[in-house]
Amino acid sequence: MRPPVEVSVFLLSLLGPGVLFTMNKIPALQEPLPILGMGMFVLGSVLLLLILTVQHKTKVDPLFYVFAEFTLSCMVGLTNALEQDGFISGFMAFYIKMGEPHLGTAYAVMMSYWEVVHLILLLTIIHRMFAGKSFRSLGLLWAGSAIANQIVVIPGVVIGKYGSNIQPAFWRNVPFFLVPFWAASQLFSRPKEMPVVTADKIAAEQKKSLLSRPADLLLSLLLLGAVAFFVFRGFVVLDCPLDACFTYIYQYEPYLKDPAGFPRVMMLVYFFYAVPMVSVLLYGLNTPGCSWMFDWTVFFAGAMAQTQWCHIGASLHSSTPFTYRTPADKRWPVIALNVLLAIVPPLLALRCRANPAYFMKPVPKGQSNDDKKKN
């Protein structure tokens, strides 16, 4: 009897820590090029084993191989987080030194802990995939998180203090950067499962003004506040000379000056990408019939949850130099603001799912149940 596919994938993901432990014992494998070569070899070997694992299946979704390969990265990330925080040893020392030194930073440690969320998501997606259930929304949640992760980490390494010490192993991030974009495009292009809502309810909901929808009004105000905060922190990391920016970076979030570069890149990503995204979501929240809100709110929720987890955790982590950590007397206001940024997008996504009538395509005039009865 074969084990469930998700169990097989999980067992294969354990090869990551095993290979790291072995390489940590063999000096010949601890040089920059052998590290990159071994990484590519392991990815290729796991892909072959995955093909053998599902060869008895009549049809396998190509996305399965993407999700399954990323579980290997998740286990490596978790191993890194546990070793950097002193829970285990003997796995990552050589890789931090000769592979990717930035993985020892507080931001990378928090990023590595987030891989637990990715692992749970991926295994759930694989389970649903082979059970014949929909996994599209979970896939978009993962894709948003994975893409946000990479568009902060890769530029952060290049422009930060580790940019002068980039080793060959760093380039193994290229496929991990490109593949989530491909996966997201595949998921967005697939038909979505629309909820069943009566025509009368759709018509009634879409006639309501924003003032008649208190939850949407509150979400709109929170999103406007998020836009303002994104813009403000963008100005802060761009060295705006205003007194408010100077006060904020020195008295509230000195972590934004961390020479590792990750917080600066994150604020610029928010400034140039999150601000337009939130503006579009605000439009969708106030315009009836924007059915694309079901997908994009989930995607954006994944991105914000991942980046804010890393940002909040890194600003408090012991690996961050004391001068860059959030001051004790300003800690709770700063944490509260950042937590709010993390939870508003998921709340918006849940709102769209919980009461979808407002976002459904408008029913043509004369097609509502009341009109049918009159005819």
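Glycine residues also receive a Cβ, built from the backbone N, Cα and C atoms like all the rest.
Keep in mind that TrEMBL annotations are predicted by a computer and have not been checked by a curator.
Pulled from TrEMBL, these are the features on record:
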- 60-184: domain 'EXPERA' (DOMAIN)
- 215-349: domain 'EXPERA' (DOMAIN)
- 32-51: transmembrane segment (TRANSMEM)
- 63-82: transmembrane segment (TRANSMEM)
- 102-126: transmembrane segment (TRANSMEM)
- 138-158: transmembrane segment (TRANSMEM)
- 170-188: transmembrane segment (TRANSMEM)
- 217-238: transmembrane segment (TRANSMEM)
- 265-285: transmembrane segment (TRANSMEM)
- 292-314: transmembrane segment (TRANSMEM)
- 334-352: transmembrane segment (TRANSMEM)
Proximity verdict for the transmembrane segment (63-82) and the transmembrane segment (170-188), three or more C-beta pairs under 8 Å: yes
Seg_contact(the transmembrane segment (102-126), the transmembrane segment (334-352)) with at least 3 CB pairs under 8 angstroms, min sep 6: no
Tertiary contacts of the transmembrane segment (334-352) (same chain, 6+ residues out, Cβ under 8 Å): 215-216, 219, 222-223, 226, 229, 252-253, 281, 285, 293-294, 297-298, 300-301, 303-305, 308-309, 311-312, 315-316, 326, 359
Tally of residues which DSSP labels helix, strand or coil - the domain 'EXPERA' (215-349): 109 helix, 0 strand, 26 coil
Three-state composition of the domain 'EXPERA' (60-184), taking helix and strand from DSSP: 101 helix, 0 strand, 24 coil
